[in-house]
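Per Swiss-Prot, the features are as follows:
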| type | residues | note |
| --- | --- | --- |
| DOMAIN | 270-346 | domain 'B5' |
| BINDING | Asp324, Asp330, Glu333, Asp334 | Mg(2+) binding site |
Amino acid sequence: MPVITLHYEDLEKLTGTDKETIIKRVPMIGADIERVEDEYVDIEFFPDRPDLYSVEGAARAMRGFLDLETGLPEYEIKPYKVSISVSEDILKIRPFLGCAVVRGVKFTSSSIKSLMDLQEDLHWGLGRNRKKVSIGVHDLKNVKPPFRYMAVDPGFEFVPLDYTEKMSMTEILEKHPKGTRFAHLVSGFEKYPIILDADDNVLSFPPIINGTLTSVTEETTDLFIDVTGLGEAVYTALNIVVTALAERGGEIEFVRVIRPGGEELVLPDLEPEERLLTTGEVKSLIGMELPVEEIVKQLERMRFGACALDKETVEVRVPAYRADILHNYDLVEDIAKGYGYENIKVKIPETYTAGMSHPISLMRAPVNEIMVGLGYYEVMPFTLTSEKVNFENMCREKTDDVTYVLHPISEDQTMLRTTVLPNLLEILALNQHRELPQKIFEFGEVVSNETTGQHVAAVSIHPQANFTEVYEVVDAFMREMMLSYEVKESKDPAFLEGRRADVYVNGKKLGVFGELQPEVISKFSLGYAVVGFELDLNDLIGKNI
């Protein structure tokens with residue numbers, strides 16, 4: 001989860017109260033205090049609230065929670081003066097584009113850092129490390145509209161941010177620190193995305209690097225913001241950035257986006273989403289019957305627009321920067337936060353039952369202890385995944401035991417995983433900026449034929465990772481679990497031929513281990529050797545071993 005540094009001077013000015021009150025109350029909106037220093041506080045906000053990833057967003061939420069300013073924030077948007085056209089050839093590379101202009105911003109070194117931190121935290125929280133969303137922030141004074149979002153040849157040259165000489169896009173991907181880190185996001189394409197002004201000056205090479213011409217300084221007052229990506233999350237990210245800048249006094253201005261075929265979008269779209277919420281829904285989730293007036297009050301404290309239609313129904317307007325409101329349950333959660341969990345009455349169950357540890361928990365304890373003892377860190381990725389990750393990236397054939405999501409909201413979460421290893425490789429891909437070796441494991445759920453099972457899987461990445469290393473780990477794990485086993489030659493296509501083996505217990509295949517083959521490593525954009533194993537422990541749960 002992102003840790004946001006909030007400087008007291010900025011925080012008190014934007015919130016309108018003292019730091020002691022803020023530090024005392026901010027955990028109640030969904031945050032953990034990490035560190036309290038003389039000049040600043042580090043706060044870890046939950047990943048479902050990217051609108052809190054900045055001092056401006058946190059202050060906006062706290063003003064409501066402290067009853068200093070309640071209800072739906074209103075942002076005036078000026079008519080557009082800037083337009084940008086989208087070319088046909090970019091649609092197969094990075095098809096979604098959101099843009100806005102914000103004028104009259106007064107920057108200091110700390111507010112620039114806050115904006116850049118928000119940008120990077122959104123890249124992580126909404127953007128899947130820039131894959132789904134990448135954000136460019138530009139000084140508008142050095143470029144000339146209208147702008148163009150298009151694809152160009154890899155030999156196209158410009159001066160990238162923090163450099164003084166021109167480089168081709170190919171050279172940027174090979175030599176620039178940002179280029180080498182994010183080159184995999186544009187690999188496989190014959191052309192690369194670019195945003196140009198009317199005089200062919202470069203604003204951005206998304207999702208890699210901006211041009212140096214539009215770098216933001218303390219003298220910058222007017223900004224052009226571009227957000228590119230693979231889906232509609234770009235519009236949410238845009239709304240979060242522009243409303244944060246508006247909280248600091250900036251004036252938002254529409255941008256006209258002209259798409260191929262003449263379709264036009266006028267962005268940002270800050271119109272709130274409207275929902276209907278009933279008192280019955282609230283009672284069913286928090287266990288208390290709150291009057292409609294109390295529900296309206298608490299929703300307004302949490303910065304929603306709310307109006308009672310009758311004694312049982314509330315019309316709720318959801319701010320356009322709230323990425324986490326997917327269901328009415330999310331509204332009820334915010335009502336509970338506003339009302340105060342400490343104020344929700346405890347109800348003692350009328351019947352007595354004796355509790356005991358679940359068999360899965362009894363299995364989890366020794367598994368975790370063994371893997372941690374072997375030097376691995378536990379991770380907990382999502383059970384939802386996609387066919388691409390679960391099968392294609394692993395070079396495995398699609399199976400017919402898959403449970404699919406009926407109406408997925410993301411192409412990354414269309415099915416329940418049938419194996420754990422791909423999720424671990426995704427985590428390695430997201431942590432390439434950290435030092436090696438990296439060793440991670442998970443004891444978690446998989447679903448096959450609508451039946452839930454428990455697997456343990458682990459991966460290790462570093463230049464010297466080999467079959468011997470993973471064999472020793474599997475052997476140690478099986479011995480510590482007091483399981484007699486044998487290994488046989490494996491034909492699992494995810495692993496390198498001759499460096500893979502299946503694990504059998506009592507004649508039944510339990511799992512597989514070995515060196516991941518180069519094609520798998522490449523598909524997850526990993527640059528070093530990876531070894532791993534996965535074992536099905538379902539038949540062992542509840543048994544004495």
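Every residue gets a Cβ built from N, Cα and C, even glycine.
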Problem - Chain-internal residues near Glu333 (Mg(2+) binding site), provided their CB is under 8 angstroms and they sit 6+ positions away - result: Leu285
Fill in the blank from the handout: Whole-number mean pLDDT, the domain 'B5' (270-346), equals 95
Handout entry: Cβ-centroid neighbours of Mg(2+) site Asp324, Asp330, Glu333, Asp334, 8 Å, sequence order
Key = Asp48, Ile325, Tyr329, Leu331, Val332
Exercise for the section: Let me know how many other Cβ atoms fall within 10 Å of the Cβ of Asp330 (Mg(2+) binding site). Expected result: 15
Completion exercise
The answer, for which of the binding-site residues Asp324, Asp334 has its Cβ ringed by the most other Cβ atoms inside 10 Å, is Asp334
Fill in the blank from the handout: Using DSSP three-state counts, the residues of the domain 'B5' (270-346) come to 33 helix, 16 strand, 28 coil
